[in-house]
Structures are given as C-alpha cells and as structure tokens.
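Everything on this sheet refers to the single structure shown next.
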C-alpha cells in the first residue's frame, strides 16, 4: 500500500498537492463563512456538571421553575389559569366581532369641524372602529388616554418648553462639565449595581484617620476628573433633569454629610473624630438589627444621630469592612479597607473608563493609598477582549517554532507549507467539530489546542525530514559508482528515474509514519480520555483537541511528504542561499554541543544509574504522596471561576475582598453561612434530556405519569412524611407560619373550617369539616384549587410566594395537580467544604430513599434536591480527573506493549511515565493549583503527553542489539538529542504564554513547560537507568545479504523511528549528486548514482558520529 502511495506521489505530486489544498481550503473556509464564529463573552458557560445524578435533578428543577412562567404549562395559583382562560375568550370574541364588522360596507365618512372650546376634556381611543367618547364623562378602559386642549394653550406650552431647553443649553459648557466633589444624600444608598473600588493604606494607619480621609477625598476627585466626558455620560443622576452626577459614596462624603459640610474638602480633624465616635455608639444598634435601612423616616428606635441620612447604616454595611466596629465590644476603630462607590453602572459600558483608569497610575496607588481590588462588572467583557489580544503570545511561540523548523530544514518554503498544514488541521478539526459532531458550544479552552498542535506538527515535521534525509543518503550511497572522468553537478535528482525516488519515499513513509502514528495516538488518547468527564467544557475540549491531533496526523502523512518531495526533487531549491554561513555556523556549533551532551549523558547513565534510580524514584514516590495523600489535589473553594492572574484587581476582589464587606455577604441568594434548603419534588422525573455537550440545551420537562397526590393513601403518606422531616436532626425549625412548605398540612387546616359561615351564610361544602382526611379524589381535586386561590390572597405579611406547593397543569380544566414541592430549611450551613456538603447530601439522600420505599405507587418517584451545584462540580472534578488520568495511563501502556514486545521494557516505561505525570502534578499542587476546570484538563492529559519520550527510548532500546549496556548507549545516542530538542521547542511555546494576563493561557503555558522538562528528565535518566539495570541482552544479527545495495536500508533504518525530531545534524545535502542511468540488467537498482569525492568524504565524516552510526555489526 505504501509502495502504491509513494508511486502516486512521485508520478502526480503536483496533482496530489492541488487536491489536498482544495479539500483543506474548502473544509476550513466553510465553517468560517457559513457558521457563526465562536463568542467568548460568557467564558464560564459550560463549567457546570451535566449527566450526573445531581446534575439531572438540577436541570429538571430549572425546567420546573421555567414551566411555571405565565406562558408555560404549569401554574402555582389556579386563579391564573382562570384569568388566562377568560382573557383568551375575550380576545377570541373580540377578533370574531372585528371580522364580522370588517365584512360590512361602511358609509362615506363625513368630516365635521370640531368646535373650539377653552375647556379641556379627556377621551379614550379604542382599537375598535367605534369611538367611545362623551363630553362630560371620562371613559376609563384599556386604551390610550388623550387630552384635547385649546390650540393657544398648546402653542404656549410648546413655546415655553423650547425656551426652557435653550436656557438649559446655555448653562452647559460644551467642552467639559466639571463635577465638584460634593456630598449629598439625594441619590440614596449605594448598591452593588454601581462600580466600586477597594481602597487601603500602606502606612498601617486606619482609613478613618484624618490624613487618610483627606487623601481619599483627593483620590475620588481625581477619579472623577480621569473619566472626563465618559464619566459625565455614564454617571447616575438623581433625576433625568439633573445635570450633576450623583456624588461618590465614600467615607469622606458621608463624614461631610453628617458634619453638615457640602464637600469633603472642608472637613476638619474634629469632624472625623466625631463621626468615629458616632459609629462606635451606633454599631450596637446596627449589629442587633435595630438600625436598618430607611431609619431616617423614624422607623427605628435609635438615636437621631444614628439614623440621620442613613449615613451610619450605609457606612457600616457598604463602605467600611466588617472587621471594624464588630461585636462584641464594637470598639475596634481601626479600619483597614474602605469601599468607594462610583455612580457608574457595573456593566460593559464602563469599559472606556476602565481603560483610562488602567492607563493611569491611580489604578495601583495614590500616595500611601492603594486600590488593590475593584468590581466594575467588566470581568467577562474584558476576558472576551483579552483572549483575542493575547493570541500574539501564541503567535510568538509559533514564531519560535517556525525559526526552529526553518533552521533545521533550511527551507523557508517548507516551513511555510508546514505551518499552513497546521492551520489547515485546526480548520478541518473545527469543520468536523461543527458539522460532523454537531457541536454548537465552543469554549475558550479550545483555543489552547493551537499551542499543542503547533508543537506536535513541528515534531512530526522534524521526524519526517530527518528520515527522508537518512533514507535518501543511504540509498544514494549504496548505488555509488566512481567515474574516472570528472563529473559536474546536476540540479535535479529526478533525472535518475522514478525507481529510486519511489524507494526513498516508500522507505521514508514506512519508518516515519509508524513513529508519527504512535506519538499521535498516545497524545490523542490522552485528550479523548477526558471525555469521561461530566463537564461540558471539558468534553468539548477533549473532542476538539483529539480531533485536531488526528487531523494533523493525516496531513503529516499526506501534505508533508508531497511538500518535501516537490521542494527537494521537483523544484530542487538551493536552501543554502537563504541561511548561508549562519546555518553552517549553527550546525557546527550545534553538532559539537550535541556530541558533548550525548557523551556526558551516556557517561552519567553508565556510572550513576543506581543513583538516578534511587533519587528519581524517591522523588516519584513522594510525588504520589503529595498528589493522592497530603496535601493532595485541593478542590476549588470558590464558586468564582478565576479568569485573570491572581494579582489582577478583579480577581483580588473576588478572592480576598468580597467577603470583607457585609453587603456582599448578605446580598447573595445563598452564601457561606446560609442554611441549606431541603426540597423534595414529586410529579417530575429527574431526567436531563438536553444535549449534554451544549450548556444552553436544557431539554424539556418530563412528567411522572404514575404521580397522584389526590389518592387518599398518597395524602396520608405525605402528611406523615412532613411530620417525620421535622423529627430529623437535619431539620431546622422556623418561627412563624409555614403556609406553603408542606402544603398538605395547610390544606388539612383549611378543610377543617365550618361548612356554613355564620356571617355571610355561604355553604362551603365539600371543602369544609364535613369531609374527613384523607379526602376522596374528587373532593381533593376540587378543594385544592379553592385552597390555593385562598392562600395566594393571604396578606404578604404572613405568606410570601415561593417555590414550594402544588403546581397545576394549565391545559386541564378544572386545574389538576401535576407536581408538588415540599421545602424546609436545614440546620446545615452552606459551605465550600466538600466533606461537609458530602456528609449532608448522603445523610438526607439515604433517609429519603428509605422513606420512599414505603410510599404508595403515586409517590414513589420523588427525589431530594438542595443547593449542591458546587458540591457536584467538586465531586465530578475529584472523581473524573483521576479516572481520566488512569485511563490515559492505561491506554498509553496498551500502546507500549505492541510497540516494544517486552513486558519489562513496557513496565519500566510505564513507571517513568507515571512518575513524570505525578511529579508534574505534585509541583503544580505545591505551587497552589486547585483542581478546577482547566487544571483538571491539564492533569488528566499529563500521562498521555509524558509517555512520548519514554516511548522513543523504549523503541530505540528494542531495536538495538548487543548487551544491555550497548543497547542503552544506542538508545541515548539516537534519542537524547531529538527528545531534548522536542521538549525545548514545545516547552518554549508554553513559556511564551506565561506573560499573558489571562490565567488559562499562563496555566497551560506553565503545564506545557513543566511536563516537557519533567518527562524528558525521567525518560532520559530514570528510564534508561532502569533499562541498564533490568534490561536484557539482545543477540539478534542482521543477515549478510541485507547489508548489500539497496536492501541495506532496512537494517540502516531499523532504528529510524527513534530519531524523532530536532536532532540538528550536518548532512551532506549541500553537495549535489550526479546521477546517470545504468543499463546493466544485473544492477539491483534501475539507476546508478555517481557522487563527488567531497560528498563521499562528507559521508565518511558523518559515519564517525555515534548518533548516526546505525549499523550494528
């Protein structure tokens, strides 16, 4: 097959290249033109679990809540269904009436002049053709109220409005509107929707000291002046007619407000001291919830100075960190951090202001004040901007690899063609991703595949070009005849005929394709192994990365051979014209360095192999302890996914400063310290029938056909179930009425009322005491609707609608109960601790399963749910990452066995691979990495990426013969240089990413640089030392006839697959060959090759180098 493929390339090289270019171009362009390009405006989308037991419940719960919207299938209040039916009937009747009128012929309209009247009156314009108006009566209905005024009055009003607008324009300064640093309470309290910055001091003084208050006042003035027209355009105003922006909410302005000053610039030291004393006196009222918001309206029983302007409440709740004035003494006056609220919205609209702030020195410090953190609502928008801008770092790494390939191949055209193939591999992978795998979601992590494919593509190119050179030189040398007459160089090898070209290409493919396939397979398997994860972003990344690696392999065995053949044979471009003496110098220096390093490494392994086994083995064992025991893979402890470097102000706010202020703690739906809810759902199946690879696909709600709460047995069981809940240790008793929590209890109380009302004499039968619990199905279905309507008419002081209670089907009339939710509060506080949440879930889940075993058929399919999304993510990361890591290692071991045909060699290589992976992970763990989404991908693929170097040494050792020491020397001499250069190029491609502001870029760069260096070290020193200790001797001999003529290439190239990339040897390509045809029928080859003497001398010099002396006699 390879022979036919090689013959086709030789005979139709240009056609082959043209076909490949056309196909690749079409597959690359189609998704870019016909499909929407990926957007990264919401980078954390897809970082949740899908497909787990809990994830299915979360999706079903979201669908249940979504179905209770007015336009959906369920209703929480049966009266909404009746109102909707009534509105639909009215609408249809109106449409029918309008259609009947539209068929009539209307008489010609007569235009009557309207009498002028100074009095005004209102009319209502209906959408119907008839105008329902009266002179003395205002008819209120659905429609548009229009006032008909006197024409003079209208003219006067318009004229006055125009004059007022002109005066307002005259008051404005066209160039710049200066906003004084004033203090006022007209804009109310600050809110999380406003941009806010954390300010702290470096001089260890309290932020309530007079000096720091003065500096903060000056700082906020500069913050206003910095924004110029952007600040004026975006700022919040007290009303639309106001030209002045709202004042900044800050410590200096509130002190000025309390002190009766109109600006913080007029504050005195006494004003600051007085406010500190007021805060000390009022802190007790604040922390016992006596002092609340809007106490200025005399709603709170606190001293007047505590409630004035709500300043004290706002200072303690929004502005000052929670450590100051805290219980029990309330005497701590040292304030470390304060907040500045700007009247700017927290949205992407403030991006211009942020860019100006970032370009100034204010974003870092102002004197002794620093702004370590801020929240502007720009995190996702800035990430979307920077993820494109920072691609220049990926380009820089690619340029480094480009230079390496250029220097090695000495052909800029070949290098350009190689990188074109790499680009095509990404484009074709995207085509398959979109149209074959039908995946719409494209997470930003997929961009990181670019770095991996560049490294793999370059390594494959190095390997193929090296094998091409080795095979072509050997075949030519084996067919040399020396002509006594002087020969001149010829410029086209193809004049020797196509036989030798086919042989060169066939032998090159035979030995290079195997090595490229093995390295491709191990890398692709490592990526595809991550598909076992239950996180959509990781699944999509594994599919795209694995596909890109496989497509790159196909191009390396199709595009690359054709390109090399055309450039070296057809075009025969003199590559030395470009690099000239620079390339010669590099090769001479590189060759000397290579020889020295090879000898040094071989000497170290031969003499210190026991030392390397003990030391590196001990480090590997310690790494296993670090990774799996202590400190172990730390699970994430924050819901906030980190997008930027830890030093970035946005990340500083989320990581360190968010929990230091009370408004952030109490402003969340559920936060650390809040009680975990207890929810049980019946009538809905916990099934996620959406596309798990698409976070936007949530599927549809699936109802439980067996569910029946109207059955008397179901009513009795549910009442007992609610009673048992209150007896459990995880139940938190709550004061006050719990009307909807377990609706069957409330419904039973409702049904115990008298049948005849003593006042209005209404007969309530059967929804009264005449019906005994449990109620018949007919009574339950009828009365539950009336009971829920009555419940929703209850005062909001007693009942606040929530998620608990029955859900009614809108399509049925009268409404029937389709699902129910029972909800209580637990004693367990919400925490990021995986252990605490795991204990809570297991306890409640086991109890629920035990109770459901005794439930009647209609209630047996209930399920428990709480706010456990983050716990499920932690659980998935902990289990899925280890599973993917072990799967990748197992598949790598499976690849090793048929490649080496030796259990001993495979086990030694597996041990080196596992130690490489665990040492890399241990270094990352000790460096503070936590097991989040991107870290999980890196760890799970580490084994697959680490096996490549061990595989090359194992193959070299397998193909060598002689004693185990000579086999180790052979493996080191042939593979140490190429693997080191491969690690160098891929590692440097990752190092360039370390300068990125984005954490994912820097993390993948750190991982690549680390895994390359560690895996090369263990493959070279640990694996070779093991082979030197436990390897076996090989006494295989090469047959004599295989050393002759062309067939000799088989023995020569037996170790070529181990010559993986980057070994920069000086080859005799600078001397051109002269080839003539031999017509002797006894010739083994169809051609006879004649070389210059200097070419023969060059080959003799090369043979003296141990790294290329591949003959084993």
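Even glycines carry a Cβ here, placed using N, Cα and C.
Note: TrEMBL annotation is automatic and uncurated.
Range 416-436 is the one annotated as transmembrane segment, of 332-352, 353-373, 416-436 (source: TrEMBL). Between the stretches 541-567, 568-594, 649-675, 676-702, TrEMBL puts its transmembrane segment entry on 541-567. Among the ranges 94-121, 122-149, 150-177, 178-205, the stretch that TrEMBL annotates as region 'Disordered' is 94-121.
Contacts between the transmembrane segment (1006-1027) and the transmembrane segment (937-958): present, as 3 or more C-beta pairs lie under 8 angstroms, all at sequence separation of six or more. Stretch with the largest number of CB pairs closer than 8 A to the transmembrane segment (416-436), among 392-409, 442-465, 903-925, 937-958: 442-465. The stretches the transmembrane segment (970-994) and the transmembrane segment (442-465) meet in space: the count of Cβ pairs below 8 angstroms, excluding pairs fewer than 6 apart in sequence, reaches at least three. Among the listed stretches 442-465, 877-896, 903-925, the one sharing the most Cβ pairs under 8 Å with the transmembrane segment (937-958) is 903-925.
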